[in-house]
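Q: Could you have a look at this structure, given as structure tokens, before my questions?
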Amino acid sequence: MLKIAVLISGNGSNLQAILDSIDSGILKCSVEMVISDRKEAYGLERAKQRNIKTYIVNRSEKNISREILELTLGKVQLIVLAGFLSILKGEIIEKFRNRIINIHPSLIPAFCGKGMYGVKVHEAAVSYGVKYSGCTVHFVDEGTDSGAIICQKTVPVYNEDTAETLQKRVLVEEHKLLPKAINYFAEDKIRSEGRKVFVIEE
Ligand code: GAR
């Protein structure tokens with residue numbers, strides 16, 4: 001069974017979606033640990049309710065990536081960034097090459113990169129006037145939101161949308177897309193050729 005670590009910074013609704021998908025039998029993996037860079041993150045409560053091990057890492061610490069590497073190396077096969085707002089750097093990227101995935105609330109390469117997270121992404125999409133937005137699950141590499149794209153889902157953007165209404169619509173899709181992406185790993189369906197990622201369906 002695929003063992004995963006889920007990294008969070010806040011509410012943890014994506015973590016909840018993973019746990020719910022496991023409960024319903026759609027997703028076959030085991031959440032070995034939840035790591036947060038904020039001690040007040042509500043997602044930590046969600047993990048504790050399930051008796052999942054939780055760790056808090058210090059986000060102002062230069063060695064945060066090393067700390068996470070030490071917690072995860074040899075213990076999990078996949079690291080899932082589910083609303084984790086610190087940037088992973090250094091050895092962890094190499095050691096977990098193509099084994100760290102992130103969910104981002106836009107259609108990358110739009111509205112992503114440094115400083116683009118949470119509701120800011122949706123504010124940018126609404127003020128730009130795009131007709132579609134969505135969410136992306138991608139590999140984490142040395143850049144910010146620059147790794148190869150695994151899967152995406154679009155949602156329409158309406159004239160009357162605010163950042164908050166768009167955020168809600170995108171979040172509904174995130175909760176389906178992230179468990180689906182993890183399942184690709186659990187079922188060993190992912191193949192990559194450079195930036196192109198293929199999902200092998202029997
Ligand atoms: C999600 O919308 C996720 O895509 C976003 O933060 C939110 C976390 O929600 N991540 C980013 O913006 C990363 N750049 P959650 O804590 O309820 O899962």
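Quick reminder: no glycine exception, Cβ is built from N, Cα and C everywhere.
The active site, proton donor annotation in TrEMBL covers His104. Annotation comment: TrEMBL describes Gly12, Ser13, Asn14 as N(1)-(5-phospho-beta-D-ribosyl)glycinamide binding site. Look at TrEMBL and you will find Arg59, Asn102 tagged as (6R)-10-formyltetrahydrofolate binding site. The annotation domain 'Formyl transferase N-terminal' is assigned in TrEMBL to 3-182. Among the features that TrEMBL reports, site 'Raises pKa of active site His' is placed at Asp145.
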Q: How many whole Å apart are the CA atoms of Ser13 (N(1)-(5-phospho-beta-D-ribosyl)glycinamide binding site) and His104 (active site, proton donor)?
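A: That separation, Cα to Cα, works out to 13 Å.
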Q: Could you measure between Asn102 ((6R)-10-formyltetrahydrofolate binding site) and Asp145 (site 'Raises pKa of active site His') for me? Cα positions, answer in whole angstrom.
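A: Given the Cα positions, Asn102 ((6R)-10-formyltetrahydrofolate binding site) is 8 Å from Asp145 (site 'Raises pKa of active site His').
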Q: Within 8 Å of the centroid of the Cβ atoms of Gly12, Ser13, Asn14, which other residues of that chain place their own Cβ, given that this set defines the recorded N(1)-(5-phospho-beta-D-ribosyl)glycinamide site?
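A: Neighbours found: Ile8, Gly10, Asn11, Leu15, Gln16, Ala17, Gly43, Arg46, Ala82, Gly83, His175.
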Q: Can you list which of the recorded positions Gly12, Ser13, Arg59, His104 have their Cβ under 6 Å from some atom of ligand 1?
A: Gly12, Ser13, His104
Q: Compared by Cα position, which of the recorded positions Arg59, His104, Asp145 is the closest one to Asn14 (N(1)-(5-phospho-beta-D-ribosyl)glycinamide binding site)?
A: His104
Q: Around His104 (active site, proton donor), how many other C-beta atoms are within 10 angstroms of its C-beta?
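A: There are 25 of them.
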Q: Using DSSP and collapsing to three states, where does Gly12 (N(1)-(5-phospho-beta-D-ribosyl)glycinamide binding site) fall: helix, strand or coil?
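A: The residue in question, Gly12 (N(1)-(5-phospho-beta-D-ribosyl)glycinamide binding site), is coil (DSSP, three-state).
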Q: Nearest to Gly12 (N(1)-(5-phospho-beta-D-ribosyl)glycinamide binding site) in three-dimensional space, by Cα, is which of the recorded positions Arg59, His104, Asp145?
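A: For Gly12 (N(1)-(5-phospho-beta-D-ribosyl)glycinamide binding site), the spatially nearest of the recorded positions is His104.
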Q: Could you find out if DSSP has His104 (active site, proton donor) as helix, strand or coil?
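A: The residue in question, His104 (active site, proton donor), is strand (DSSP, three-state).
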